[in-house]
Structures are given as structure tokens and as C-alpha cells.
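Okay, structure first, notes after.
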Ligand SMILES: Nc1ncnc2c1ncn2[C@@H]1O[C@H](COP(=O)(O)OP(=O)(O)OP(=O)(O)O)[C@@H](O)[C@H]1O
């Protein structure tokens, strides 16, 4: 073992020098190309300005010049991103090595694995293999001994004769050793023991076997990952995207991927991973913001999920909570479908249409409406009939209609609808099912409660039709437990593509933990594959055990990293809590710490008090878009998905139905130290 490690070290060191040399040569070539490219751009611009006035009257020369310029700018951009990639390779060219003896060969070959492929020239065998290359799976999946990997040509078999792990920083080896295990636990412990960052880290050096299986899964249409807090779900989903982009460059671009993330801070927190892995960043969106934009035409503003949650945290009547839940359920969709089936008769008043001798009788219109155009959504069906009629008229007149004539026809056909206002139609429905109706107010005063946002969006899609988002080929849904049956139904109709859906039922924001796994197969059909991950990596054993005890989770596997015991303390005043936090906070040792409260009001009060003692604290609310280093004060629900070196949970001693989940979410945010503080009588 000693000897083997020495080989790995010495050969690694020699190889490092060779690779660095080649990387430097390649970079020097790139600098030249960049300079030439820039010169070319300058000359093109100069030529353009000198000759602008003389360019031909049809603009062909102008157009050609612009195109040439654009091409050169793009070429420079590509060279620039290649330069960035090679510079980061120069800093740390590889982290793994596998010596593989192909069946039938006499000598093993060494493969070095890094963040990206690097070959001296295109077409030559790589010196460094991208962690996503087929051969690299040997590094993650096997110990020394018999092994195989899936290459484009089929399964390749052989034997791993040696494996090495390296840490290289600024071009120097920090450590190198031979490891006959998958990924040495000591290395993982070091990675996990390091301080938290304001950005989620890339885990390519230490991806675990069960995680690798998910990252490299290209087969399943809908992949659902139910994973314990800190099991690496978000990391895996993002590494999976990087893997899919690498393997299907022809069909999949970063613009074809959409991440539905809970809020802007979370988007910021995960935003740098893909660029770090050599891919472009991808679109992220909160479903609530999307829904709000879709309904903007009918309502002035919409509440988001956090408004609803805050109401629940402030003891709103249970009837209201039941109504909210009911409005997101399967049964509610059924009721709405019943309403829709009978809506046509109530909504439309057919009558004859007459224009300059051209005529459509009521019977004709009914025929067209119920037969010819029956598949067109109701509120745009009259438009289809109008176009049909206009077509007949124009053919017969032998000319196109003028703009004012079109306006006349628009009004004529629109008048047959009682209303096209979704807000009013939704209110008819609420009346029908004996639910409290929305206030009958002008557009500027229409603020939609959260319970009505998705029902109204569903209604909109059924009455106006929905946009198919064909450009999107993969959707990632994080925090899956926080989406309702209705939301998944809408998502299923919007996106007919692959999905990675991940979450943890124990981290539900609602007081009822909902198991979305129970209904997702009903919505997405047989194409669903579910994977459960029970091993938690984020927290120390002490914190993970404490957190598991809060919710009664007993099937959790813990990674063996130890730290301080969890501190539980009760206080009689908020001032004493503040001084205890200030006593224990250690930002000399750590990077990030959080004070997590239950409600917005409580969080803001703690923030104001802490701010008086220390300028360097940040308050995070639902509009915050950047996660800062240092001390952050926020609510438990906004801290979901994030992690901090130290966590101070401040809760009142009044138990509510949501206390358990809130405590669990807070506790599992802590990497190294957890303090659970209780404030008596909420003072
Ligand atoms: N294989 C790994 N190597 C190194 N670190 C890892 C690995 N897997 C997970 N981690 C670390 O564990 C922590 C938790 O990961 P992540 O946030 O992806 O988990 P999660 O399951 O989404 O958590 P939660 O649901 O609690 O928000 C992160 O710090 C991540 O870097």
C-alpha cells in the first residue's frame, strides 16, 4: 500500500508537470488567437465606419458586414470560455486516476480524471478525461478489481489495477494517495468538514456510488428523488444536468433546461455550479412568479406561498386552511371540470351575424361552435369561428378586410360571450360550489389570495388554452413536497418532457406532511421512477441524530463526522437570547451563521436587535436575491435548501402544528454547530 501510494504520488507529480506544460502551450496559442480575433474585430469596425455612407442602397453589404462581425465576436467568445476552462484546469488539472487493464491487454493504461477533457490537439487521445466521460464512471463506481463501463460501442470490461486520489491547488499537489476504495471516506470527511459557503459546492471529486447512479441516469423520463435532508439531492440534480448536457450536446442546450426553484436566494445559491462544471448557467424560475405573470391580465397582484404560510403561522381559522388545501386537490379539479362541462350554455349567447349582406345564422354558429371547432378552448373558439367567417367574406369579396372592419368583427363576435373576464367566471364557479367569492372590485384592487392562484391558472388554461413549452426539454423541480396536486397537474400539461423531481417529505412547509410520491404516478403515468436516498452528508452525527429524533425518522444513515453536541436552552427574554447568540457566534472560525425564526415578524425583531449590536448582519426576506457571508437572520422556510456553519434556532414555547417541521428544517441547515433556543411566552 505504501509503495502503491508512492507510485501514485511520483507518477502523478511527473504527469502534473507534463500536463501543466501542455496546458500552458495551449493557453499561449489561445492568447494569440484572442489577440488576432480582437484585431480582426477592430479592423472590421473601422472599415464599417469608414465606408458606412457608401454601402449599397439595399443594405446587402451592411448586412454582410454585420454578419461577419457577429461571427468573429462569437468565435472570440468561444475562445474566451475555452481559455477560462484551461485556466481552471491549470490550477487543478485532475483529481482522480484509474489504471485499467482492458480484457485481453497485457499492460494497464492510466486515465487521469478532471473537471474537463483536455487533449493536445483535437482528435488526439485526451490527457485528462472529463468526469462525465464514460471511462470516468470507473472512478466512482468500483473498488480495485474487476470492473466495466458503458462506452458508446457497448460494455467494456477489464480490471482496475490501481486507483489514485489527488488534491491539486494552484498547480501544486496538496495530497496524493492510492485508494483501493471507491472514494476514500477521509477525503469526503475533509470536504464535508470544511466551512459552508454562500454557494453550493461542486462535488465531482467525491461523488458517491449511489449518487453517481442518479447523475448518470439517462433512461428515465420522470426521475423522483426522495432524499433525507443533506443527502445531496440538489447537488445531484445539478450534476445530472451537467452530465446530460455533456452527453447530448446535439439535442440538449442549457436553454432547453428549466429549474423550478423556491425563491431567488436559492436560485443565487445554486447558480454558479453549472458554470463551474463548464456549462452555461440555466434558467431558473419560481412557479409562483410564473403564475402571477400568467394571471396579470386579470388580476393586479397575487399572493405567493409565503403569504399563505405566514397566515397559517399566525393561527388563521382552520376552515381557511381546509379551504386552501381543498382548492389544490384532485376533488377540486373534478368539481371545476363539472363546472366547465356546463359552462358553454351559460357563457355564450348565440345570435345571427349580418354584415353587408353576408350572413351567418344562429344555427350555423352553433354548428360551428359545437362541432367544427369543438376542440378549441371555449374563450378563443369564437375567434376561430370569426376567422372562418372572415375568410369566407374575403374570398367572396375578392379583397382583404381593412383594419376598422376587423375591429368591427372582433366586437361582433366578442359580444356573444357574457364575459371573457376570468376573474368573473372563476367567481361564478366559487358561487356554484358555495365557496366564499372574490370581492367584486375593479382591476387595480384585485389581489388574488394564494388559495385561488393555481385554481385560476388551471381555469385559464382550460378556457384559453395553454402555451406548450416545447423549447424546454428537461425540468428540474426542487422541494417537490411543497407543490400540490393541482400544481403538478398544471406542470404536467405545460411540459411534455423529462423531469428530475426532488425533495424530502419531512421538510414540508405545511403542517401536514404530504407524500407527493403517492399521487405523482397518477399524474405522470408509468414513466415515473422513484429513488430513495437515506444517507445524509451535511450534518455532523450529533446534529443529524438530533434532527432525526425530532420527526421520528429511524432509517437514516449517517456519515461518520463528529462535532459539538446540540445545545438546547430556554430563555425568558429576547435580550438574553441575543446575548447568548453573540456569545456563541464564531465568525472567525466559520464563514456563515444563521438565526432562524418561525415568522417574518419574529425574524425582523431579532434582526433589529442584533443589528444594534453588530452592523454586519443581513436580513433575508422573500425578495432577497443574494445569500451573504457572515450572519443571516431569516425564517425557517426561507432557509430551506441552504446551509450554514452555525445555526441558532429561536422559537417560542407555544407548540403549533408546524413546530415539528420547522424545527427539523432549522436543525438540518447546520453543518457544524446547532443551538436550539426556546423563548418563554414568546417574549
Ligand atoms: N458526494 C458528496 N461529496 C461532497 N459533499 C457532498 C456530497 N454529497 C452531498 N454533499 C454535501 O452535502 C451538503 C448537502 O447537499 P445538498 O444541499 O445537495 O443536499 P439536499 O439533499 O438537497 O439537502 P436539503 O434537502 O436538506 O436542502 C452540501 O454541502 C453538499 O456539498
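Here the Cβ of each residue, glycine as well, is placed from N, Cα and C on the backbone.
When TrEMBL is compared with the stretches 13-40, 41-68, the one noted as coiled coil is 13-40.
Same-chain residues at least 6 positions away in sequence with a Cβ under 8 Å from that of residue 229 (ATP binding site) are, in sequence order, 504, 506, 507, 536, 538, 539, 547, 664, 665, 668.
Taken in sequence order, the binding-site residues 227, 228, 229, 231, 233 that lie near ligand 1, meaning a CB under 6 Å from one of its atoms, are 227, 229, 231, 233. DSSP assigns residue 227 (ATP binding site) to a strand in the three-state reduction. It is 227, among the binding-site residues 227, 230, 232, whose Cβ has the fewest other Cβ atoms within 10 Å in the structure shown.
For residue 234 (ATP binding site), the same-chain residues that are 6 or more apart in sequence and have a Cβ closer than 8 Å to its Cβ are 200, 270, 478, 502, 641.
In sequence order, 504, 533, 536, 537, 538 are the same-chain residues whose CB sits within 8 A of the CB centroid of 227, 228, 229, 230, 231, 232, 233, 234, the residues recorded for ATP being left out.
Residue 232 (ATP binding site) falls outside any helix or strand according to DSSP and counts as coil. Other Cβ atoms within 10 Å of the Cβ of residue 231 (ATP binding site), summed over all protein chains shown, number 26.
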